[in-house]
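Have a look at the structure below, then the notes.
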């Protein structure tokens, strides 16, 4: 009986281990080749399994991947949730168990419809089904597209495909390569290993191609203020003015910058409470031929709260006034952090469901760029930068930079902020726009239009990042077309693989 149980569990156990190894492909480890090997091992593990066996193998792979890959979420739950250890572990386990459903959906659907390890199934059907599972994970219940495999390739030769089809194209190419490796191992057809080799070589060749044109005549000096404010103290009434003056004093030392940027919710007060201060800040920035961008919390006349971005100083908005139509309001809110699903049921249960600032309203999906000192910027607040389609649709022909403000203090010294930066870099590469990322305690950095970090400052330090950024002109294919070519590819691949299967079985 023990031998039978071990026989049943050995593949799921192996899958969980392989899934956990996948985290090594992402920041801060960035062993990008792992993202090619671990999906191949998953395809090999489900070979010859029944649908029921495959679903558990895929689920175990997902448990391993997300238990290791999003372990940083526990830092926030334990540090700010106000619940006992058992409740913290339960919530973390529930999140991991939910996310593992999507790899299980992939393995079940593959074994259900394309069980045979044919070349067509592994190179077309498997990548298509993987993308569908990823899309569902990025959409269901507001979506959580973290750890999409393509993000791990930001520094690999495959990164050159990102301006063509975005991070999803990189995921597709990884799965095509993984399918070829699995086919080679299962059928001992080692010539199939040429496929991932060709993909990587093609990516290297594409790295010399630039889809957009830099505009050196519009080079801009920016100063990013990293306040390093303790999250436990930030919203205490006694800390309001010390925090505000900290950012103000650091800005005064950098008035020679064209644009000074503060992080998400840098001002620990409602905008409506600070009209005199903001008016004076606006005047000071104008006097110094500069502009300041900051995250701030807003309350509208109807009582709704917004996580917002404002710009003062040299802007097209005129003298400072409390006008919410001239602000960017965060659209994609963080579940439980900025809104609570099933609010009336969950809020009374535990402090975790009643965190400060967890009743925000959404801004529009597409909003005007923030303009500072003549430079339009496509904004994304914190978590929004992981939603590629939202960022893409907010970039216009006039956009000079991508702007993302964040506060990753919730996640301490975990790997979460490093993965967050990795994702932000991908947005710059996809859209061919330099990226400005200003945070409370790191990672604060700027990148060029290829997603390469130009300058950064260490985490957990009060510091100012000075850099010069060069805007670009033109559009990448991904900016123009989005993911539609991939949707078509997925449909055609599944249709072709299904037709071939029916013809073979006839």
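Glycine is no exception: its Cβ is also placed from the backbone N, Cα and C atoms.
Remember, it's a predicted structure, so these values are computed and weren't measured experimentally.
Segment annotation: Swiss-Prot labels transmembrane segment over residues 89-109 (candidates 5-25, 89-109).
Your range for transmembrane segment, going by Swiss-Prot and the list 66-86, 213-233, is 66-86. Within its own chain, the transmembrane segment (89-109) has Cβ neighbours under 8 Å at 19, 42, 46, 51, 54-63, 65-67, 70, 73-74, 77, 81, 83, 129-130, 132-134, 136-137, 144, 352, counting only residues six or more beyond its boundaries.
A Cα-Cα distance of 9 Å separates residue 330 (active site) from residue 382 (active site, nucleophile).
Neighbour list (residue 382 (active site, nucleophile), Cβ cut-off 8 Å, at least 6 residues apart, same chain): 264, 330, 334, 404, 405, 406, 407, 408. Taken as a whole, the domain 'CN hydrolase' (225-471) shows an average pLDDT of 92 in this prediction.
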